[in-house]
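Here's what Swiss-Prot has on this protein:
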DISULFID  Cys47-Cys63  disulfide bond
DISULFID  Cys51-Cys65  disulfide bond
DISULFID  Cys56-Cys70  disulfide bond
Amino acid sequence: MVGVNSLRSALYLIVLILFVQLTYFSDARVMDVDLSRAFLPLTGIGCGESCVWIPCVSAAIGCSCSNKICYRNGIIPKK
């Protein structure tokens with residue numbers, strides 16, 4: 001029974017720590033950062049494939065290869 005009680009106490013402690021951290025996190029002011037330009041800067045819509053060894057399979061829907069990545073309808077990034 002000692003093992004069960006210590007396991008239960010450890011579980012309660014973990015739940016308490018998580019609750020306190022989540023409560024503190026919701027009260028903290030978090031800056032909203034727009035990361036869309038960091039991951040896809042002015043490149044239009046990514047077609048979801050690379051064209052390192054073979055050309056874009058999605059060329060039928062208007063994708064083209066630039067810098068080893070397929071893009072569609074956007075400003076193609078500089079190399």
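Backbone N, Cα and C atoms are what each Cβ position is placed from, and that goes for glycine too.
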Tally every other Cβ atom lying within 10 Å of the Cβ atom of Cys70 (disulfide bond).
22
Cβ atoms near Cys65 (disulfide bond) (within 10 Å, other residues, all chains):
18
Round to the nearest Å and give the CA-to-CA distance linking Cys63 (disulfide bond) with Cys70 (disulfide bond).
6
Other CB atoms within 10 A, centred on Cys47 (disulfide bond)
21
Tally every other Cβ atom lying within 10 Å of the Cβ atom of Cys51 (disulfide bond).
20
By the 10 Å Cβ-neighbour count, the most surrounded of the disulfide-bonded residues Cys56, Cys63 is Cys63
Whole-number Å distance between the CA of Cys70 (disulfide bond) and the CA of Cys47 (disulfide bond)?
6
